[in-house]
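According to Swiss-Prot, the feature transmembrane segment maps to 24-44, 59-79, 99-119, 124-144, 229-249, 261-281, 295-315, 323-343, 354-374, 395-415, 418-438, 484-504 (among others).
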Amino acid sequence: MIWHVQNENFILDSTRIFMKAFHLLLFHGSFIFPECILIFGLILLLMIDLTSDQKDRPWFYFISSTSLVISITALLFRWREEPIISFSGNFQTNNFNEIFQFLILLCSTLCIPLSVEYIECTEMAITEFLLFVLTATLGGMFLCGANDLITIFVALECFSLCSYLLSGYTKRDLRSNEATMKYLLMGGASSSILVYGFSWLYGLSGGEIELQEIVNGLINTQMYNSPGISIALIFITVGLGFKLSLAPFHQWTPDVYEGSPTPVVAFLSVTSKVAALALATRILDIPFYFSSNEWHLLLEILAILSMILGNLLAITQTSMKRMLAYSSIGQIGYVIIGIIVGDSNDGYASMITYMLFYISMNLGTFACIVLFGLRTGTDNIRDYAGLYTKDPFLALSLALCLLSLGGLPPLAGFFGKLYLFWCGWQAGLYFLVSIGLLTSVLSIYYYLKIIKLLMTGRNQEITPYVRNYRRSPLRSNNSIELSMTVCVIASTILGISMNPILAIAQDTLF
């Protein structure tokens, strides 16, 4: 009898929870319409996978790409609408959040074509890969709009767990398994540190979890200048440093880049940065409004360390993926300048603009690496020697993307860095900008070293990998080449049309 009553109570409680969730989705679903499209795409993928006998079908790629494109379209139609807080304060919709969501969706849309031929060659499961990519994208989008500490943590873990699973996607590869374990342990530790910082904010604000309410709670409890805030700031900055691969919290990055499948590395190298930047700008600017000098100093130190260590260590690398890992550490150091500058001197606008350029430059480089790796089976930098003699299009594409990453004019990377450094100089960050300029020159050295190898024509330097290289046809239907071409064109011409991009980025104030 008692069990029967308890069972009825459980059913009633479950029904109430379900009805409340359904009510929230019914009345607030329009505010997360782009996310709902991705959820529908995920369900459709699962249904087709369960009911279809032929697993390797173009339908999976079509559904994934279509859901991402429709989600981008829905996001663009919602642009310039008034900021809205929905789901009882858990989710916020505004231009600032939406532009980061757009960048995440753009990354995912460009990354899926990179994976098609790779998955076919490695004979890995298609559905799992696409499910993890879409779920990670969904987690990143919710992270961009999360308005309270609990939603931030849940969205962050949704993104992180899918990232761990993607890095270990090739289960038979020992290096991939090793990279996954390191990524999982370091990611779990960083999440714990971040949540510990959140707990300090929760306690000091009198039990508030919404970002703006935390500020009001700190004012009411008179704790906004207490030592506890400094402790919370340190723990949250360390947690964010791991997520952003800022030095000295970057140790996991090279191993994960080298061991994970190359399309996965391409995906994680941009989406994780965009999602973590969206979180960092809001979590530092809103709850730590009264501690701006302190977190500015912390970020300056981390940015300087990242720019110097990232670029110095990149010079010594022999693996292309490890070199790009250290290069990305230096690149995120430049981006941090925009966060430190803030809204006062278009810091956020310069950060968003440079991230758009970085997506095209980085994904273009990884597309070239994926293509070369599939045709030769190597990742060693020396094995690229003489590639221009066999595949001029691939060699020129890689050279353009590397030069853009280095910041040489008239490519997009030059204009992005120029505006970022100019905003930092206007804000009085003279030492930080000087370090950025010096390390940018340093980065050009190791990029040019690779380009010199690509263009060499001396037979004694050309490795057997390039001698036996399979030349691609002039007109290829390869999806990797399609994605590579889009990224190379964007890396070349986006800087010339920078003014409208800046105007859009300047509308993203939150």
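Glycine is treated like the rest: Cβ placed from N, Cα and C.
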Ask   = Do at least three CB pairs under 8 A connect the transmembrane segment (124-144) and the transmembrane segment (354-374), leaving out pairs fewer than 6 apart in sequence?
value = no
Inquiry  = Test of understanding: applying the rule of at least three C-beta pairs under 8 Å (pairs 6 or more apart in sequence), is the transmembrane segment (229-249) touching the transmembrane segment (124-144)?
reply    = no
Ask   = Short question: which residues 6 or more past the ends of the transmembrane segment (59-79) have a Cβ under 8 Å from it?
value = 33-35, 37-38, 40-41, 44-45, 48-49, 52, 93, 95, 98, 101-102, 105-106, 108-109, 112-113, 116, 126-127, 130, 133-134, 137
Inquiry  = At a C-beta cut-off of under 8 Å, are there same-chain residues at least 6 beyond the transmembrane segment (418-438) that contact it? List them, or none.
reply    = 300, 303-304, 307-308, 333-335, 337-338, 340-341, 344-347, 349-351, 353-354, 407, 498, 502
Key: Cβ pairs under 8 Å between the transmembrane segment (395-415) and the transmembrane segment (295-315), at least three   = no
Query = Which listed range (99-119, 295-315, 484-504) shows the maximal number of Cβ pairs under 8 Å with respect to the transmembrane segment (261-281)?
reply = 99-119
Remark   = Other same-chain positions with a Cβ less than 8 Å from the transmembrane segment (484-504) and lying at least 6 residues past its termini are 99, 110, 346, 349, 353, 356-357, 360-361, 363-364, 367-368, 371, 394, 397, 400-401, 404, 410-416, 419
